[in-house]
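*Asks:* This structure is in structure tokens; I'll ask about it shortly.
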């Protein structure tokens, strides 16, 4: 919302010459059209379209509790999609984000269990490990100048192997041991994986965190110096450096933010399922990236928002659950998912094109 | 020497101090319940070792990385290898082409025996023929019950997925279930599909199929929740893997449903759940036994020319049901990760 306000002031300047205005090029376009031209508004309408579609097609979706399930699914994608989107605006990719979630959960779980310590110790160490992985990715990217696609493909494979091998080495199994009876578990579960009652509907706490993080990310992106740096390094790295933006710092911290997101979702996984399977998480990175791209972040960097990926993740969660609520033939599940997403993205594109046409 | 060592030790001091502080913090936060301390004390079964000449056996499976089931198969194989003085070479890839390459790799290594899973028999045909030409005995395990004989394998250890499914369906009939949902965690997997089809065949009520994304637990949880909400007449959730069963019990709670959960395959957390009644029953195909017998049979063939099943019939390792009546016995083995 605040982004549209920013666009406003430019038009307030006094008209320099009357006749020029009449050719329409500098005329102020209607507010509605300017709104629609924003990528996050397009994806918002796409998400609404999907929601309305399933409200009609699947009666169960109309229940409050079903919406809570959809929002839960969306939030576990959305929390990761936020830092992934910021990173993408900053011009980089992170393919290791999916398995990094599992790395974090495994770290916390195994450390707590093997040393028989309060689970909070594991949680804190996992945060350090996750941030370190992010910092490593960022450092490698800025140091070598290699595309982040390659660097994080490397970390993706490394973490996949490490997750499995270390788990097997330490626990003797490929899944971690149940930590639900250990000290601090209930407390951590309250923060990462509890649910609360809203008018008789159980809402998962991740939904709240998701919205809080989204608000925070929007604020950072639009109202802080750091936010400007993100746009600058993603738009043109060299110009950004020339005007004094700390490019390396910005990129490394962006990767670390992804690490933070991975830690958060990792803790959610751990405290809601008590154990972690070491082979999970593969393929999730593409879903996070997809949610960010659907949300209007450019694959090339320099443009996007934090609010767009929120709707992008919602669209993903809605379609995934909606197909089940609508009770369509499950053999077609993946195909439906693809068609619905493509359709939603096309609506998004069409809205933007129509709105920007003169 | 003096010069160089002194500044180094000075630099090291804060590090040591920090490590010590960290160790103290860790000690201070020790958990009073659960954890490794609670687990310790479970001793492993130890057996003697054969004095036959050392031989090498390759076990090649279609395991996806990090699957608890295959880990148990491997443990069985390792136990047999240790006992029979066998060097075990384990390799796996869910992609059939890559799995075939692993078999070729074993042939190149001139191993003395190959145990292989036949998830996609046609893809394995070529390399198995090569192994046989090279004079290496090949046995099958787990998947490929309908193809092992045709491919000329010596023997086969596994469970007929359809038979297991049918037995599962019959068991469900006795629990009074009317409408079930069969949750498949990997779309297009032949074995998993056969299980659900088998259940459907003998189960007298209605069976729905639900596909979930097995690599993302939160998504599995919410998808099952969605299904239970969409159709509140569902009274039993059938899952095809132990971790998914445990997640399904959470979905049941979230959906406010009264559905029961029953599953294929076991792990130690699942055994606990059967014990405290959150999961009705599990059908076990005894993966440990499959791995163990496959390796042991190659040793027997090498040293005494025996074959199990007489080369005619497969050796079935399942379905063995685990429910409240017999879970106590299984639990102690499951805790070690061998059942």
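Heads up, the Cβ atoms here are built off N, Cα and C, so glycines get one too.
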*Asks:* Looking at A:1-25, A:26-50, I want to know which stretch TrEMBL calls region 'Disordered'.
*Replies:* A:1-25
*Asks:* Does the transmembrane segment (A:120-140) reach the transmembrane segment (A:146-166) with at least 3 CB pairs under 8 A, where each pair is 6 or more residues apart?
*Replies:* yes
*Asks:* For the transmembrane segment (A:146-166), give me same-chain residues lying six or more residues beyond its boundaries with a C-beta closer than 8 angstroms to one of its C-beta atoms, as numbers and ranges.
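*Replies:* Hits for the transmembrane segment (A:146-166): 92-96, 98-100, 102-103, 106, 110, 133, 136-137, 140, 174, 278-279, 281-282, 285.
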*Asks:* Restricting to CB pairs under 8 Å, which listed stretch, A:41-58, A:203-222, A:242-265, A:286-312, A:332-351, is in contact most with the transmembrane segment (A:70-89)?
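*Replies:* Per the Cβ count, the answer is A:286-312.
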*Asks:* Which stretch, A:41-58, A:203-222, A:242-265, A:286-312, tops the Cβ pairs under 8 Å count with the transmembrane segment (A:332-351)?
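*Replies:* Result: A:41-58.
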*Asks:* With Cβ distances under 8 Å as the criterion, find the stretch in A:41-58, A:242-265, A:286-312 that has the most pairs with the transmembrane segment (A:203-222).
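*Replies:* Top-ranked stretch among A:41-58, A:242-265, A:286-312: A:286-312.
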*Asks:* Other than its close neighbours in sequence, what residues sit by the transmembrane segment (A:242-265), given a CB gap under 8 Å and a spacing of at least six beyond its ends?
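*Replies:* Contacts with the transmembrane segment (A:242-265): 76, 79-80, 82-84, 86-87, 90-92, 94, 97, 100-101, 103-104, 126-127, 130-135, 137-139, 141-142, 192, 209, 226, 228-230, 232-233.
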